[in-house]
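What Swiss-Prot says about this one:
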DOMAIN    10-45  domain 'EF-hand 1'
BINDING   D23, D25, D27, K29, E34  Ca(2+) 1 binding site
DOMAIN    46-79  domain 'EF-hand 2'
BINDING   D59, D61, S63, D65, E70  Ca(2+) 2 binding site
DOMAIN    81-116  domain 'EF-hand 3'
BINDING   D94, D96, N98, S100, E105  Ca(2+) 3 binding site
DOMAIN    118-150  domain 'EF-hand 4'
BINDING   D131, N133, D135, K137, E142  Ca(2+) 4 binding site
Amino acid sequence: MAVQLLFTEEEKALFKSSFKSEDTDGDGKITSEELRAAFKSIEIDLTQEKIDEMMGMVDKDGSKDMDFSEFLMRKAEQWRGREVQLTKAFVDLDKDHNGSLSPQELRTAMSACTDPPMTEKEIDAIIEKADCNGDGKICLEEFMKLIHSS
C-alpha cells in the first residue's frame, strides 16, 4: 500500500501498537465504540454523532469500522497537515525570504518561544545539529528533520 511508504519502519511499528491498543477486541478493526473509548481514555468525551462523522471520514470501504490501512490513511492526513503547518512556520521565520534560516533568524525565534530564553550556546548546539550540509544555514528540509527529531 502506497501510504505505508510515507512512514519509517519505526513509525509503522508505533502506529501498529497504537492501532492494537484502540482495537480492544483484537479483531483487526476499530469500531466507533472502540474509537470513542480511546478518546475517553484521554479524557475527551465526544458525542456519538462526532464519532460517526470521524469514522465516516476514514472508513473508505463502507464497513462502518476502521482497518489498519484506513488507520494509516488517517495518520498520513494528520502528517500532511502538520507538514503544511511546519512549512508555514518556516516561511514566517525566514525574515529575509531567502529560503533558509540564518543563525540569527533561528536565534530570534528560539529566544522568543522559550521561557526562560535559550542561551546562545544552546541555540548554537541546535543549529549545529540541524545543519546537515554544513552551510551554516537551516533549509526547509533540515528544519523539518529538526522538528521531527525533537
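Keep in mind that glycine also has a Cβ here, set from the backbone N, Cα and C atoms.
Neighbouring residues of the recorded Ca(2+) 2 site, listed in sequence order and excluding D59, D61, S63, D65, E70, comprise K29, M55, V58, K60, G62, K64, M66, D67 (Cβ within 8 Å of the Cβ centroid).
The 10 Å shell around the Cβ of S63 (Ca(2+) 2 binding site) contains 12 further Cβ atoms across the protein chains shown. On the backbone, the CA of D25 (Ca(2+) 1 binding site) and the CA of D65 (Ca(2+) 2 binding site) stand 13 Å apart.
Of the listed binding-site residues, namely D94, D96, E105, the sparsest CB environment within 10 A is found at D96. Note: the Cα of N98 (Ca(2+) 3 binding site) and the Cα of E34 (Ca(2+) 1 binding site) are spaced 48 Å from each other. Packing around K137 (Ca(2+) 4 binding site) is summarised by its Cβ count: 19 other Cβ atoms lie within 10 angstroms of its Cβ, all protein chains included.
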